[in-house]
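Undergrad: My questions will all concern the structure given below.
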Amino acid sequence: MGDVAPEVEISQYTKDKASCTRISIESYYSKRVTQCAERENRLKKLEEDMSARGLSDDEKDEKRKIHHSKETDYLRLKRTRLTVNDFESLKVIGRGAFGEVRLVQKHDTGHIYAMKILRKSEMVEKEQTAHVRAERDILSEADCDWVVKMYYSFQDYSNLYLVMEFLPGGDMMTLLIKKDTLTEEATQFYVAEAALAIQFIHNLGFIHRDIKPDNLLLDARGHVKLSDFGLCTGLKKFHRTDHYRNWPVTLPPDFISKPFESKRKAETWKRNRRAYAYSTVGTPDYIAPEVFQPNGYTKSCDWWSLGVIMYEMLIGYPPFCSELPQETYRKVINWQQTLVFPSDVPISIEAKATIKRFCCEAERRLGNHGGLDEIKQCPFFRRIDWNHIRERPPPIRVTVKSIDDTSNFDDFPDEDLSWPTSTLIRPEEQPGRRGEFVDFTYKRFDGLTQKMRYSDLKKQAKKNKKGQGSSD
């Protein structure tokens, strides 16, 4: 017998590279099939639209030529490598545990976007790669007025970038902090729009799992759009059951009887609210009790969260709020005892009944069996024109002076607007070297057809300002 060749030990780096290559190849061919189907669907949609409008053959030919030109431009765009140098950083409009959000302008088109910048090292270390991957995948799949649009996603050695439509109206959290409470009419409107957004996500086959005011964004007219889809995977650490496993669930004897005037409670909540929004720990205020349990949960957990938001709109703070997340958790688990309505903030019987139907056992919950159709039958929403709600003016007017107006966002003064440096890292030390961020790049087709140009509008605004100054 001949000598047996010694086994060659394969390094972890080589194994990671092989795994990454396999993922890349699978992703490449899967994407080619998807892109072909999307291209056919766009042409089919164009043909249906032209037939519905009764266009002549010559007009149809002209439309087809324009469409073909757009498809060619899109292919060219897809081959172009995007970097942060393609954008001008205008202002920081948000900050979180893993990065920040900036208002940016794309150099070649002048379009305005909100760019989310996430540090790869933080995402890997905090086990958040599934979070950002879920958000990227769902935003690329969703194409609806109820969901914030993502136009581009790309990466460099150090960071991930999600380039989304900028919604100048801010978010529901900011609106609720500004207002003590909302009227029942306003609450009906915003809860109805949020319900339509949630139903759209459910129709895609996803559970959002993180419905809260921070994730209900407002467009320039004040209509709701849903954002932040990372928890659709159910993998975010502080929303997993094991994070709360060692927390006590029983209430102390005087827990409910402690007097706490509503105004003072609302002030305390508002004071702590923003800190919770920017922390890695978060708050369990809006999470359904079954999410904490080992028996699992269904899409009805999103309807519970909507009920909590409805309570906050009418009362001024969520029903289970406490100074410590541990206390909030105990209140949520013991909701049968802690879901109470303060006597000093009166609301209608219908409103109270609707909240109780949202915040109850999962099997009895409003929306659990019939989804949006079941919610539409609720007496509290009888004045809502569900089919035309997005065409109606919102009950609270959003003031937006220009497409780059950030007055509805928090101020982050004296921030460094230079782009994060992306230093070259040895391949074996790169975050995501095992393929976590393979195929992260995305470019949206209708990004080619946006109309607004930031530079032109700014020039016009300056001209108008000069004209007004000379006439005074």
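For all residues, glycine too, the Cβ spot is worked out from N, Cα and C.
Found this in Swiss-Prot, in case it helps:
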| type | residues | note |
| --- | --- | --- |
| ACT_SITE | D210 | active site, proton acceptor |
| BINDING | I93, G94, R95, G96, A97, F98, G99, E100, V101, K116 | ATP binding site |
| DOMAIN | 87-381 | domain 'Protein kinase' |
| DOMAIN | 382-452 | domain 'AGC-kinase C-terminal' |
Undergrad: Please work out the number of neighbouring Cβ atoms within 10 Å of the Cβ of R95 (ATP binding site), leaving out its own Cβ.
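TA: Its Cβ shell of radius 10 Å holds 15 other Cβ atoms.
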Undergrad: Measuring Cα to Cα, how many Å separate the residue listed as 'active site, proton acceptor' from R95 (ATP binding site)?
TA: 18
Undergrad: Given a separation of at least six residues and a C-beta threshold under 8 Å, show me what packs close to I93 (ATP binding site) in the same chain.
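TA: Long-range Cβ contacts: V101, R102, L103, A114, T406, F409, D410, F412.
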Undergrad: Can you see whether DSSP assigns I93 (ATP binding site) to helix, strand or coil?
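TA: The residue in question, I93 (ATP binding site), is strand (DSSP, three-state).
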Undergrad: Please average pLDDT over the domain 'Protein kinase' (87-381) for the predicted structure.
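TA: Averaging the confidence scores along the domain 'Protein kinase' (87-381) gives 85.
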